[in-house]
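Below is one structure, written out as structure tokens, with a few remarks after it.
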Amino acid sequence: MKQLVTTEEMQALDQYTMTEVGMGEDVLIERAALAALESLGAGNFDLSNVLVLVGLGNNGADGIALARLLHQLNITVALQFVGNVSKAKPAVKRQLKIAEACGVVRSEKSDFKQASLIIDAIFGTGLNNDLPDGLQKMVKAANHIESTVVALDIPTGINGTTGQVMGAALKAKTTIAFGYEKAGLTKGAGKKTAGQVVVKDIGILAPKDFKFSIKAK
Ligand SMILES: NC(=O)C1=CN([C@@H]2O[C@H](COP(=O)(O)OP(=O)(O)OC[C@H]3O[C@@H](n4cnc5c(N)ncnc54)[C@H](OP(=O)(O)O)[C@@H]3O)[C@@H](O)[C@H]2O)[C@@H](O)CC1
Ligand SMILES: [K+]
């Protein structure tokens, strides 16, 4: 059975798993990164030169943890922030500290064309408005480059509930959805932009009486 969720439902389930059940935020982030690593290993991806684009929310935290795991497998990884790190969520700062302690180096400006694979960890379920103008330009330029993109959870710029493009959206070959597939990846621009969707369990739990707005199929 496949259960789709809206971004609001996913956020509620994340919160329930952390605050009611007691699963730590960093545990979920680690599991998301491990799940992504497993999907990369199972797919036919060129991992010779990986570029991880990282945002300031927990989607970025997943990306940093993944960069660390790749680095520890001796894979060449560049970690590039999109936005000012000083404004990042605490989970991002924690992950960055761990990654740097493990030897991951931040790159200021990467050549997207040189990357064999781009990991999109810029925005996930927290996107609540159109992408900032500068990021829209970057996304549009990246869409013209041949490099393969793998999106973590949701392609950046896609509304996870409606599938609409929020200014611009980064086209992925594969999207690794955490916990549940977001409804927006099954319709309209969201479906086209997400490419192949792989759903990975990361330990998210739902209360017994949780009312999903979309019927499972
Ligand atoms: N929660 C969990 O425990 C888990 C979450 N997980 C992962 O985290 C993802 C969700 O994380 P997230 O909620 O931090 O959202 P994300 O999309 O990374 O960043 C949003 C940030 O950007 C901001 N912002 C929003 N729109 C903007 C705009 N247009 N332009 C500029 N800024 C904008 C917004 O700031 P705000 O406006 O809310 O102040 C916020 O700070 C999820 O997809 C999954 O990958 C998993 O690891 C499992 C555990
Ligand atoms: K993403």
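Each residue, glycine too, has its Cβ placed from N, Cα and C.
A TrEMBL annotation is a machine prediction, not a hand-curated record.
Not measured: the values here are computed from a predicted model.
Feature annotations, courtesy of TrEMBL:
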BINDING   N58, N59, G60, A61, D62, G124, T125, G126, L127, N128, N129, D130, D153  (6S)-NADPHX binding site
BINDING   N59, D120, T156  K(+) binding site
DOMAIN    10-210  domain 'YjeF N-terminal'
Run through N58, L127, N129 for me and report the binding-site residues whose CA is within 10 Å of the CA of D120 (K(+) binding site), in sequence order.
none
Measuring Cα to Cα, how many angstrom lie between D153 ((6S)-NADPHX binding site) and N59 (K(+) binding site)?
8
Quick check on the binding-site residues: of D120, T125, L127, D153, whose CB has the lowest count of neighbouring CB atoms inside 10 Å?
L127
